[in-house]
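Reviewing the structure listed below.
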């Protein structure tokens, strides 16, 4: 890192886009500094991410996505691969975006790290610096590549609204820093999902509860056509204390541990409740847990319910 390079990791200016507004964030930085990690974090926060697009297409793509595609949060990754052949045109493209969206809607985030840290990271990953891989500049060693890259990225770093030095940051600290900058709230979503084991276990489930041990309304002819959402099925389950016991056991566990996800940078948690066909037992418990958790969990946690096998239900 050069002596005159300014690094800011505090006093951030949070972005809090108003409803319906467009937020364009240009993300750039030195190779090995964590730019890709930042883009992944932004994607998790709901940004539509484009990385390594040719500069000549950047402005048109932004307009296409925001005006025709309805994208409101857009992150554009620009690095040495994009910039090296056309660095002089970045300022013009940046001005075009500013004129189109307004100066308060277009920001630049520049990611960097100390040169010694970058060298250590390249050594640890055994990756080749992009400028050495193509060798357009006849660069023979990593320190020279880092210096040349820093010079090439100067049009971007010089206009940056925020520069993040990742030298001493772990991934969790980086996430919090990015979240603070973009003004993201601390909300997570809990998806309560009913499913049938006969159709497979959901691969994205964080918790899976098997309720096949409970009495099955399927074997009652008058209930077979019903679902776990029907009052007749609820009345059936009311005759079996173990149904209420299992519901309370699952609820107490989730009520205790789901809030902990707020402290671990999780934004979506899927709670899957499974029975054989995904029509009676799992649906009843999923609906019950949805109602109970909606009442008890902190308001930062949004609870939703979905029944995966609904298409298999028969009238």
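Yeah, the Cβs are placed from backbone N, Cα and C, and that goes for glycine too.
Taken from Swiss-Prot, the feature ATP binding site applies to 29, 30, 31, 32, 33, 34, 35, 36, supported by sequence analysis. Per Swiss-Prot, the feature GTP binding site maps to 79, 80, 81, 82; the stated evidence is sequence analysis.
For residue 82 (GTP binding site), other Cβ atoms within 10 Å of its Cβ number 20. Among the binding-site residues 79, 80, 82, the ones whose Cα is located within 10 Å of the Cα of residue 31 (ATP binding site) are 79, 80.
For the pair residue 33 (ATP binding site) and residue 80 (GTP binding site), the C-alpha distance works out to 12 angstrom.
Of all the binding-site residues given, namely 29, 30, 32, 34, 35, 36, those whose Cα is no farther than the 10 Å limit from the Cα of residue 80 (GTP binding site) are 29, 30. The Cα atom of residue 29 (ATP binding site) lies nearest to that of 79, taking the binding-site residues 79, 81, 82 as the candidates. In this structure the C-alpha atoms belonging to residue 34 (ATP binding site) and residue 79 (GTP binding site) are separated by 11 Å. In this structure the C-alpha atoms belonging to residue 32 (ATP binding site) and residue 82 (GTP binding site) are separated by 16 Å. Close to residue 81 (GTP binding site) in the fold, though at least 6 residues off in sequence, lie 52, 130, each with a CB less than 8 Å from its CB. With respect to their backbone Cα atoms, residue 35 (ATP binding site) and residue 82 (GTP binding site) stand 13 Å from each other. Residue 29 (ATP binding site) falls within a strand when secondary structure is assigned with DSSP. With respect to their backbone Cα atoms, residue 79 (GTP binding site) and residue 30 (ATP binding site) stand 7 Å from each other. Annotation for the binding-site residues 31, 33, 36: lowest Cβ count within 10 Å of the residue's own Cβ, 36. Cβ neighbours within 10 Å of residue 29 (ATP binding site), excluding its own Cβ and spanning all shown chains: 27.
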